[in-house]
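Visitor: My questions will all concern the structure given below.
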Amino acid sequence: ITALSWHTYPWSVWPIPLCSTNQAPSGWMGSVTVQMFVCLLQGSPHIQVDIYERLPVPFGLVRFGVAPDHPEVKNVINTFTQTAQHKRCHFLGNVHVGKDITIQELMQAYHAVVLSYGAEGNRTMGVSGEGLPGVYSAKDFVGWYNGLPCNKELQPDLSHETAVILGQGNVALDVARILLSPLDLLKKTDITQNALETLAASKVQRVLMVGRRGPLQVACTIKELREMVNMPYTAPDMLPADFQHVAQALADLPRPRKRLTELIMKTLNEDHRGRQGVKRWGFRFFRSPLEVLPSADGSRASGIRLAVNKLEGVGDAVTAVPTSEVDEIACGMIISSIGYKSLPIDPAVPFDFKRAIVPNNMGRVEETTGLYCSGWVKRGPTGVIATTMNDSFDTARTILQDLESGAINVSVSRPGSSEVVPLLEKRGVRTVSFADWEKINAEETKQGTAVGKPREKLLDVREMLAVAWT
Amino acid sequence: MAQCLCLRSLLTPCGTRSLGMHLRIQSCLDGTKIYKWQHRQVGTCPTLCTDSKSPAASKVTVHFINQDGVRNSVTATEGESLLDVVVNKNLDISGFGACEGTLACSTCHLIFEEDIHERLDPVMDEEVDMLDLAYGLTKTSRLGCQIVVQPWMEGMTVHVPKGIKDQRELAGSKKTQ
């Protein structure tokens, strides 16, 4: 799922279309880049912005990435909606850029095009057994409980007691939290009905999050960790041996890292030994995956073999180096949460395969004119909403500068969507407008209200289109 | 398990915990309670943001210095949060208040003068958790959604932090993965 942003920039008497394409859920951080349009729309009264999105629904990761039990994080949708409803902004969903239309065709129709299609792929562990049933990417698991159409058939196997998550970032914590949350809390969220039913039958009692380095390098942030610590009916499951040199290092840490580390260490001091009937969650440090171990009949994953690491270097540059020691954890499910990865969208667009981003200078795509990028596809797939939002403002400023300096030539008018939409129609592609999305929104809200949820997401693209075009 | 109470009428109006805060109490299995304060959503109804029970609420002048160093002086109403003020007065600060005052982001980050900062109500863990992610964090930083305008703040100046530009240029092409 990729999001492309296309901006067309109107100028003087001719509307300058700027087109932005948001595709794929991972590109929805791409929806965050919609905020860039506010800058652009405010930058000149002549700017028009068209947003192309592969799915019929907007908002990207805010809809498909943010966990269902974090509804307050989704409040930003209200800001996006205001932007999308601006009279000089048009949302065009159900358009697959790269297939239904090429980047070059868009660049011909618009003065400027912005790629904000995010990271559709994920980094793989690169170990044998990774393809066994029972091994999932966090991207697919999150897509499954969040109603991403292409993940609706995932059917994760939750029939075993222990689940291992590779990775200790916020996505790993989201996955752990959804696996261990009491059903009473989840059933009031917009988690899909299918996921709710699967979780209701879950036998998972223990979730371990494995990281290559130590407690001082853990990648999650404190709010998410605090939620795990406070989760009812659970207890932490840590290894004190993993924390050997941590206490001494505390005093010199910057405040955010210090508070986070103190919170993890607090869990070591609590005595949970006597507690019955609680589910357990914990970190395992200094471990890298070596191999996914198959069950006796080879039909599924039954464990993971891990290299034990030692740390080398200092400060942020600390790296994990494997020793000869190995460890094994028996488990029935492995979720790899080691990072997303952008993919190339179109052969006409340069792509840096090593860093998995579109090579750029302050958002201007290298070796091109009138092509820009923003968000994860520009900087790499990390950061919270505010990070990506700030980045998109930077790209907007770059575009406005280029308009002013003449680097974008607006003396020639460009047709924008008045050329693109008929072209798409000729190819059998009908677009979904923001008003059409609002019909989908109303239907999902109506179905959700009937079962005490904020919405019941439609899982099928054809169903979305049927509602959109009624 | 989680009960939602509105303790507005029970609290004194002199702190960040009054006027429109919602308290969520979560009971844990072992009997401990976690208290979570949540600021009311700003939404699209600015009239809800001021305490309608006090028609004589004071007017307080607040100066905002935006990212370009430009000063905007506004008349705020006692009882509004600084996020309410930015929204109600249409101050042009990009991306301010994305989560609408629910302590789920750090986009309403503001920098206060030292003497003002010292007098503000103590900061809660949940606010510090989000502040820790903010760009350009200083010793006198707070989240605007948690600061309620009081008469003693008359004439104070708050700064909008400059954003991530400087940090990115410093970091160069450092990978964050």
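Placed from the backbone N, Cα and C atoms, the Cβ positions cover glycine too.
Automatic prediction, not curation, is the source of TrEMBL annotations.
Pulled these features from TrEMBL for this protein:
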type    : residues                                                                       : note
BINDING : A:GLU53, A:LEU61, A:VAL97, A:TRP376, A:GLY383, A:VAL384, A:ILE385              : FAD binding site
BINDING : A:GLN168, A:GLY169, A:ASN170, A:VAL171, A:ARG212, A:ARG213, A:GLU224, A:GLY383 : NADP(+) binding site
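Could you give the neighbours, burial and distances for every feature on this list?
Guide: A:GLY383 (FAD binding site) falls outside any helix or strand according to DSSP and counts as coil.
Following the DSSP three-state reduction, the secondary structure of A:ARG212 (NADP(+) binding site) is coil. Sequence-distant contacts (6 or more apart, same chain, Cβ under 8 Å) of A:ARG212 (NADP(+) binding site) comprise A:PHE286, A:ARG287, A:SER288, A:ASN309, A:ALA320.
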Visitor: Using Cβ atoms and a cut-off of under 8 Å, determine which of the binding-site residues A:LEU61, A:ASN170, A:TRP376, A:GLY383, A:VAL384, A:ILE385 neighbour chain B, and list them by sequence position, or give 'none'.
Guide: A:GLY383, A:VAL384, A:ILE385
Visitor: Tell me, if you would, which residue among A:LEU61, A:VAL97, A:VAL171, A:VAL384, A:ILE385 (binding-site residues) has the fewest other CB atoms within 10 Å in the structure shown?
Guide: A:VAL384
Visitor: Which is it, of A:GLN168, A:ASN170: the one of these binding-site residues whose Cβ has the most other Cβ atoms within 10 Å?
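Guide: Most Cβ neighbours within 10 Å: A:GLN168.
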Visitor: What is the nearest of the binding-site residues A:GLU53, A:LEU61, A:VAL97, A:TRP376, A:VAL384 to A:GLY169 (NADP(+) binding site), using the Cα of each?
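Guide: Spatially nearest to A:GLY169 (NADP(+) binding site) by Cα position is A:VAL384.
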Visitor: Check the binding-site residues A:GLU53, A:GLU224 for other C-beta atoms within 10 angstroms of each C-beta and report the one with the most.
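Guide: Checking each of A:GLU53, A:GLU224, the winner is A:GLU53.
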Visitor: Give me the Cα-Cα distance between A:VAL171 (NADP(+) binding site) and A:VAL97 (FAD binding site), rounded to a whole Å.
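Guide: Checking the Cα atoms of A:VAL171 (NADP(+) binding site) and A:VAL97 (FAD binding site) gives a distance of 28 Å.
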Visitor: Between the two most separated Cα atoms in A:GLN168, A:GLY169, A:ASN170, A:VAL171, A:ARG212, A:ARG213, A:GLU224, A:GLY383, the residues recorded as binding NADP(+), what distance in Å do you get?
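Guide: Of all Cα pairs among the recorded NADP(+) binders, the widest measures 20 Å.
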Visitor: Have a look at the binding-site residues A:GLN168, A:ASN170, A:ARG213, A:GLU224 and say which one has the shortest Cα distance to A:GLY383 (FAD binding site).
Guide: A:ASN170
